[in-house]
Every structure is written in structure tokens, then in C-alpha cells.
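Asker: My structure is below; once you've seen it, I'll send some questions.
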Amino acid sequence: MKSSYNLRSIAAKVVGQVLDQGQSLSALLPVHQREVSEKDRALLQELCFGVLRVLPQLEWCIQQLMAKPLTGKQRTLHYLIMVGIYQLHYTRIPPHAALAETVEGAVALKRPQLKGLINGVLRQFQRQQEELIQREANHSSHYLHPSWLLARIEHAYPNHWQTIVEANNQRPPMWLRVNRLHHTREAYLNLLAQEGIEAFPHTEFTDAIRLASPCAVDQLPGFSQGWATVQDASAQGCVYWLDPQDGEQILDLCAAPGGKTTHILEAAPQSHVLAVDIDETRLGRVKENLLRLQMHAEVKQGDGRYPDSWCEGRMFDRILLDAPCSATGVIRRHPDIKWLRRDRDIEELVALQKEIFDAIWPHLKVGGTMVYATCSILPQENAQQVTDFLTRHADATLVDTGTRELPGIQMLPHADGGDGFFYAKLVKN
């Protein structure tokens, strides 16, 4: 950590790295949080996530306040103005402090000559704030999504696309997965209540608990001992539908960061799990999760398209394929997805999913079960992908999961519910 720093300038740089360089916020933020004191880390996260969540609104406001946007080497100052407007409109930071710290950010970014400009734009926003926000509410920027994604969501869900978009724009709830090897869900709910933490059980997924308000993990009873894991309810549905059993050979493909790997081992502690991911760095997270929960799984780096290079001819009783996808179901947790994804990416992802799906199917034993899952809400990656797979593989049968949405189950993001997710359960004849 630097002895002195300007937090607003750091937030502006992070936003710029996401928007101009295409970097992932979840990868960037921990690196930059090390530049600030522990007490400032939550604020840095709030500013970065917040600006990316409401980006079109901030862009629209700046267009009304400035004749010409800052570009080129001054582009980071454009993002600094966004950080300032976000603070003034969305946070409880006293306006004088938000203004002063944001204006000083220009010095930290080595553009002291622009302090007056930034001060003027932010003060103008202060004066016109109510009028600007009212006008913006009637503009397409109010949906806070890129037009291509908005069009895809509206086409897929013509009757309730606005509800999905609204859920994407909200702050996500915090869900826990209770480790059934330590406590029943009811017992852990009692432990939370003793700590004054209000929580609610999920109606379908038997290990899932929603906190009334998010809290730091060190406040959770027994977190360091592995009593609970932070994992969205819909993500927990993958293992719920996989239904692993003791003694089975189980493959968790595209396993990082390991939430589903450890969930499999909680559900079937005597199973033999192979966790595979293409990203060596993210496999480190799988190992960390296994260590915290004191569990063992075989962890390998490998490309799902070429299983012969890593699975050594092994056959599996169950396979969980959490396929690479557009992540359009988890936008509320990762608002940068809206700006990192492009329309053309969807077809490329569908082709990649097909390749992995087809490549791994021969490694499922006859009578074995596969769950195909994504954290997408787009039909091309989900129901259509499974329909096409079934036409190519006569030895695949879809398991009826009791929904009318065959093939598979499509979960949509909901304010008090889980993220957007899709599951299809298949059995090999």
C-alpha cells in the first residue's frame, strides 16, 4: 500500500482498464485494493462496481454537461468525472468531500491543469441533478444495458424482459451454502441468528441460505473452518441436479474457482472427483477452496475440447459441465460483463460449448449422468444448445426435471432469488 493515494483516481484508472483495455473487474480489483488501506477497500469496490453498473446514465449526464468529452491521454479524467457524478448521486459521501477528493484526483493523474474543468462539471451536475435524472429516465440509457444485449433479452423474453433488466441493475443478494458435513441448514440458521444475522432458507435448494444484508465473511460463524461457503443459490442448483453419490467417479469440467467441486464433495464425501479447468491461475482458487474446507480432489489443467490429453481414458459416472458462456445471468454480480461482451461473442461461445459438449460425452459411462449448465439467460447457449446436442447423440436422453421448460431449467435473475442459470440433466443410454 502506498503511504498516500487518491482513491478516486485509482477508481477512474480501474474503470478505464475495463472499458479501454477489456480487462475483467474481478481480476483487476484485488490488485488495486492492495494500493489502499483496508478501510478504503470497500469504497474502492463500490465506486468501480457502481460506475460500471450505471455507465450509460453517467455517459448521458456528461454529454449534457460537456460540449466535448475528454479523449486520448485525458480519457482517464473522463472516468474520474464519472466517479464524481456517481458519488454525488448514489452515495452518502458528503458532497463537499466527494467534490474535493475527485478534483484532487486530477493531480494524482498528473493533469492538475484540469482541476478547474472537473470542479466546474461536477458543480454543474450538483445544480442540475434533479432535472438531469428526470430527463435521463426517458432515454434508452435508463436501461443501463448495451443495445445489442437489450435486443437479445427482449427477443428471448418478450413478456418480462424489463423485469430481467431491472434485476441485472440491482445489487445482488448474498447467498451461503451450508456445509452439510458440519451442520444442517437449520442448525446454521440458528448460529446466524445468535450472531444477529438475519437469514432465510431457499425453497428448493437444500443447502442455500440468503442473508437479509451482505456481511464480511469473517462475521460468519465457522467460515474459516469451512462451515459455510459464499455461493449463489442458482450456482448451487448444479450439484443439486447432478445428485452425486459416494463411490462414484465424478468429473467437474470448467471447475474454477471450485465452488461446485467442493459442493460435490460435501454431498458425496466418498466420491472421487477430478476438477479440470483450462486456466492454470484460476485453478489456484480451486485448491484454496479445497484447503479451506479440508477436502481432497484431483485438480488438473486441461482443455475441455481435448479430453484425451488429460483424462487418460477414464470414464465417469457423473459429469458436471459448467460450460464457458456469456455470463448474462450474473450481470448484477459482474457489471463489467455488459461492456466486455460483444454481440458476435455469442455465436463463438455457442460453437465452443458444442465442441466441449461433444468431446466429453464419450467419457460418460453408459447409465451415467451429465449436467450441462451455464450462467447465461440466452436460449442459444441453453435450451437450443441441448436440443441440438440431442439430435446429434442418439444415446442421450433428457431427464424430465418436472418443468414445462424442457429441455432443461432456465433460472432468471430475481431481486431476492438466485442469479440467471440454466441446467439440463442427461443420461447416457
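A Cβ is built for glycine as well, from the same backbone N, Cα and C atoms used for every other residue.
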Asker: Which candidate from ASP303, ASP308, ASP343, ASP345 does Swiss-Prot annotate alongside CYS254, ALA255, ALA256, PRO257, GLY258, GLY259, LYS260, ASP277, ASP322 at the S-adenosyl-L-methionine binding site?
Answerer: ASP303
Asker: Could you measure the widest C-alpha to C-alpha distance across CYS254, ALA255, ALA256, PRO257, GLY258, GLY259, LYS260, ASP277, ASP303, ASP322, the residues recorded as binding S-adenosyl-L-methionine, and give it to a whole number of angstrom?
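Answerer: It comes out at 19 Å between the most distant Cα atoms.
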Asker: Which three-state DSSP class does LYS260 (S-adenosyl-L-methionine binding site) fall into?
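Answerer: Note: LYS260 (S-adenosyl-L-methionine binding site) is helical by DSSP.
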Asker: Distance between CYS375 (active site, nucleophile) and CYS254 (S-adenosyl-L-methionine binding site) at the Cα atoms, whole Å?
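Answerer: If we compare the Cα positions of CYS375 (active site, nucleophile) and CYS254 (S-adenosyl-L-methionine binding site), the gap is 12 Å.
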Asker: Measure the Cβ-based neighbour count of ALA256 (S-adenosyl-L-methionine binding site), defined as the other Cβ atoms within 10 Å of its Cβ.
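Answerer: So the Cβ neighbour count for ALA256 (S-adenosyl-L-methionine binding site) comes to 25.
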Asker: Return the residues near ASP303 (S-adenosyl-L-methionine binding site) by Cβ distance under 8 Å, restricted to its own chain and a separation of at least 6 in sequence.
Answerer: ILE278, SER309, TRP310
